[in-house]
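Enquirer: Below, the features straight out of Swiss-Prot:
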- C5-C19: disulfide bond (DISULFID)
- C9-C21: disulfide bond (DISULFID)
- C14-C26: disulfide bond (DISULFID)
Amino acid sequence: GKPTCGETCFKGKCYTPGCTCSYPLCKKD
């Protein structure tokens, strides 16, 4: 399946492709 962008931001970055930091969690671009 596709990434869900649910990880926590680390130093303002997200490691899932197509995701951006919406502190404290990553959201879809």
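The backbone N, Cα and C atoms fix where each Cβ goes, and this holds for glycine too.
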Enquirer: How many Å lie between the Cα of C14 (disulfide bond) and the Cα of C21 (disulfide bond)?
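Expert: Computed Cα spacing between C14 (disulfide bond) and C21 (disulfide bond) is 6 Å.
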Enquirer: Which residues in the same chain, at least 6 apart in sequence, have a Cβ under 8 Å from the Cβ of C26 (disulfide bond)?
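Expert: The answer is C5, G6, E7, T8, C9, C14, T16, C19, T20.
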Enquirer: What same-chain residues, at least 6 away in sequence, bring their CB to under 8 Å of the CB of C21 (disulfide bond)?
Expert: C9, G12, K13, C14, K27
